[in-house]
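Data block below; observations after.
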Amino acid sequence: MNPQANLIFIISLFLGTTITISSNHWIMAWTGLEINTLAILPLISKSHHPRAIEAATKYFLTQSAASALVLFSSMTNAWYTGQWDITQLTHPTSSLILTSAIAMKLGLVPFHFWFPEVLQGSPLTTGLLLSTIMKLPPIALLYMTSPSLNPALLTTLAILSTALGGWMGLNQTQIRKVLAFSSISHLGWMAIIIVYNPKLTLLNFYLYAMMTATIFLTLNTIKVLKLSTLMTAWTKIPSLNAMLLLTLLSLAGLPPLTGFLPKWLIIQELTKQDMAPAATLISLLSLLSLFFYLRLAYCTTITLPPHTTNHMKQWRTNKSTNIMIAVLTTMSVMLLPISPMILTIV
């Protein structure tokens, strides 16, 4: 793709996100979401591969339907209450339609079917944008409307997302699909707490985005897309692969690492809200996703492929690791000890 065109699309992406996050009026928020959708489509389909075109088409159709529902929800609310302000979404039908629309935009169960396919058809860098920055505007809208959302509906969506995200990721061999189901599972954790403590949802999203960015950038550096090639990639940059192991375990939410912080705080908050059964259930369901993170980690560093493998061992590369990956990896692994400071900032 032409670098100038690429730059315009990236700038439009950040512009759309900024407009949605900073708007008070529903029409401005909707405009930002539309700019976002139109800016990411060329980035998905830039390889001209049939799978990439298919992914762009699926993304466009899903996001268009979701945007139409956002507009319908805000118009219904304006019809009944006379308010176009995002924080004044008080009509129950409007909040129900909005929850469905945002679930569709984010890829929450049962509107999750498009996300793994789109991520699989996109390049790794576009996949990173889809998993992180494209999720920020819908989460910001949920954050602003959180007082009027239906807790029972969101809890149901969250538990189903965590269950299906973990369950459907178990037998995947394509790393991008595994990361898509990982994203669905994490969104379940964010959705369950949004009504009770919206700031925890934002903290969870920031940490999830940081860890996912680390994994996507690492995979992009070692040029790996499948589990079978991940097994032989350890010879390229051994130190980076060792850190990828720790980042994967952090994304799984294991205790000494950063990823444990949001899970710990969410379980604590759910228990305070007399939702101990929901907290127990979502914790048990996250063990499903722990299995495929461990599988990825095992393929990354611990396993040596058998001698009958069809893959040749890779030459070790001399290029130094990107400083951004180094910073992100360190933060993805070592932020738990300073969690009190993070909580005071949030």
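We count from 1, first residue shown onward.
For all residues, glycine too, the Cβ spot is worked out from N, Cα and C.
Just so you know, TrEMBL annotations are computer predictions that nobody has curated.
A quick note: this is a predicted structure, and the numbers were derived from the prediction, not measured.
Within its own chain, the transmembrane segment (5-21) has Cβ neighbours under 8 Å at 28-29, 31-40, 42-43, 129, 133-134, 136-137, 140-141, counting only residues six or more beyond its boundaries. Look at TrEMBL and you will find 5-21 (among others) tagged as transmembrane segment.
Summarising the annotation, TrEMBL assigns domain 'NADH:quinone oxidoreductase/Mrp antiporter transmembrane' to 23-288.
Residues 26-27, 29-30, 33-34, 37, 40-41, 44-45, 84, 89, 94-95, 97-98, 100-102, 104-105, 111, 114, 117-118, 121, 141 of the same chain, all 6+ positions outside the transmembrane segment (56-75), place their C-beta atoms under 8 angstroms from a C-beta of that stretch. Annotated transmembrane segment per TrEMBL: 56-75 (among others), in sequence order.
Here TrEMBL flags 95-115 (among others) as transmembrane segment.
The transmembrane segment feature in TrEMBL is assigned to 152-171 (among others).
Sequence annotations record features per position, and here TrEMBL assigns transmembrane segment to 178-197 (among others).
Summarising the annotation, TrEMBL assigns transmembrane segment to 203-225 (among others).
The transmembrane segment annotation in TrEMBL covers 237-255 (among others).
Look at TrEMBL and you will find 275-294 (among others) tagged as transmembrane segment.
Marked as domain 'NADH dehydrogenase subunit 2 C-terminal' by TrEMBL: 290-343.
For 323-343 (among others), the entry in TrEMBL reads transmembrane segment. Using a Cβ-Cβ cut-off under 8 Å and counting only residues 6 or more beyond its ends in the same chain, the transmembrane segment (323-343) has close neighbours at 203, 207, 210-211, 213-214, 217-218, 221, 240, 243, 246-247, 250-251, 255-261, 265.
Beyond its flanks by at least six residues, the transmembrane segment (203-225) meets 124-125, 127-128, 131-133, 135-136, 139, 174-176, 179, 182-183, 186, 189-190, 193, 233, 236-237, 240-241, 243-244, 247-248, 250-251, 258-259, 261-262, 265-266, 321-322, 324-325, 328-329, 331-332, 335, 342, 346 of its own chain at Cβ-Cβ distances under 8 Å. The domain 'NADH dehydrogenase subunit 2 C-terminal' (290-343) scores a mean pLDDT of 80 in the predicted structure.
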